[in-house]
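**Student:** The structure follows.
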């Protein structure tokens, strides 16, 4: 690498990390969809992802001299874990039922829900830009889902039950984010991270057991551990590095590349073409959440 290139790479290293994180998050989603289409239930996928992350998180907490494993505010920590588990359950289920890009876009409405929930729970001021962003994002979801009562049955409407579950996942993700912001006053970050896979593993055991269990093949185990859990862990590391080197607003804007990657993988791997309505809806969601974040 030439000396003239090194400063450029250093200046944009945070951006490169965020782009990498977006790509690996998209790969995670694609692996979830592939394994789910093979017959492995979404709750089995949730359990595997949580169990692998639990081992990694436990080691990190034990290696830390500052973090106490169980923390202090147990109620909020368990709630954070519950909402994280609910987020994974809803999102992974939606990935197995909806087009990859559409499920990803709907999940990306969570920043506007975070603003609304933070205003209600934490007393944070709700700005006009955030309300406008919420309306734009919901309008975008309507364009993506193309419900028959708006499109007269002429569009390629998505099943509203699955869309509702995807939106519930976005709300749960927002609730988890609000709790994380509340817990940063009392808990070590590693403890907050640990409770997510800890509670998700506990919740995943019974919920996976009551689904139509299918023992994964060797190839499916490779995709579950190396693809879903492995790619998610790489994405989390890259995201952490990116946020350490880049402003949050710019990082959020770049992270929307995950939608582009998801659309590409959806087309190449699953043959899911994105129509004009879905593209317009995705732009509205990105514009709505981006505008709300930029004005903050």
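Every residue gets a Cβ built from N, Cα and C, even glycine.
Computed from a predicted structure; not experimentally measured.
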**Student:** Which is it, of 76-95, 96-115, that TrEMBL names as transmembrane segment?
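**Tutor:** Spelled out, TrEMBL records transmembrane segment over residues 76-95, not the other listed ranges.
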**Student:** Any contact between the transmembrane segment (76-95) and the transmembrane segment (46-64), i.e. 3 or more CB pairs below 8 Å with pairs at least 6 residues apart?
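**Tutor:** Yes, the stretches contact each other.
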**Student:** Please identify the stretch among 12-34, 131-150, 162-180, 221-239, 276-294 with the greatest number of Cβ pairs below 8 Å relative to the transmembrane segment (251-270).
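**Tutor:** By the under-8 Å Cβ criterion, the transmembrane segment (251-270) pairs most with 12-34.
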**Student:** Could you name the stretch, out of 12-34, 46-64, 162-180, 276-294, with the greatest number of CB pairs under 8 A to the transmembrane segment (131-150)?
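**Tutor:** Selected stretch: 276-294, with the most Cβ pairs under 8 Å.
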**Student:** Test the contact criterion for the transmembrane segment (12-34) and the transmembrane segment (221-239): 3 or more CB pairs under 8 Å, pairs 6 or more apart in sequence, then answer yes or no.
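**Tutor:** Stretch pair touches.
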